[in-house]
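In TrEMBL this protein carries:
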TRANSMEM  23-41  transmembrane segment
TRANSMEM  47-66  transmembrane segment
TRANSMEM  102-124  transmembrane segment
TRANSMEM  144-162  transmembrane segment
TRANSMEM  174-195  transmembrane segment
TRANSMEM  224-252  transmembrane segment
TRANSMEM  273-299  transmembrane segment
Amino acid sequence: MNSSTEPVDLGWKKWLIGARPRTLPAAIVPVLIGVACASGAANPVWWRAALAAIVSLALQIGVNYANDYSDGVKGTDAVRVGPLRLVGSGVASAASVKRAAFLMFAIASVAGLVLSILTTPWLIAVGVCAIASAWTYTGGPRPYGYAGWGEVFVFVFFGLVATMGSQYAVSESFTLTGFVASVAVGSFACSLLVINNLRDIPGDTVANKRTLAVKLGDKRTRQLFALLAVVSIVAIGISAVTTNIYALAGLVGVIALRPSLEAVSRGAKGKDLIIVLGSVGRSQLVLGVTYAVGLAVALH
């Protein structure tokens, strides 16, 4: 537990805190952009985007609860600067947080199963891999999130899979533009995790949680954050080549990232990085809206 005092009863609010709202743009943005990439298809089925959004949001919230549970029972949340953790702080039991994670995974499974029935059975395999990866991120005997592979999970499932999966759900097709756009989305999603793990380097080092940030060290993790912004710029530029200049509207999201880049380059630490994390999430939403609109116009 993080404090020697008795935990305060937060009621239903604890579940909102545990869902970690600042991370939810990572689930919303790929759906927006994937659907935009489907706008050039012959017969898009737009309402399926709602199912894709349910899958993505439920998976993101499930990951957050699962992470809270696993870190809490393993004691790796004993020293942290970030937002309240349910299990680590004692405001919720480990069993209840685990049930909440499984409930979210169940919701994602049901919505994904409906999508697979409407489109193609292979989406079931993708969904199984996504949920298994979400749980083993920090759960199980050998969590890959503790070994520095968390960014790979985020890039693949909240970048490539979520974006192109949303495109396929609506149009039942893939395009080069969809793939390139998913790279930009994945890079932004990774930025959130990089900032989160940069903030947690001191505590994770003590807990022997070998995140990528711990392995790279403070300086190179900050450089990685800047590199991910460059990757997003390049991907947006390529998508403008595969469509037209309107796709460059996505650069507004990268421009919105500038204050975060400056704060990180100046050496922001601890609680200052909590502010940066929120700023990156807002920038990601700006990217989602502007890039989606730009792609939709470009593909019409």
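Positions of Cβ are set from backbone N, Cα and C atoms, glycine also.
All annotation found in TrEMBL is predicted automatically rather than curated by experts.
The stretch with the most CB contacts under 8 Å to the transmembrane segment (273-299), chosen from 23-41, 47-66, 144-162, 224-252, is 23-41. The stretches the transmembrane segment (47-66) and the transmembrane segment (144-162) are in mutual contact, each linked to the other by at least three Cβ pairs under 8 Å (pairs 6 or more apart in sequence).
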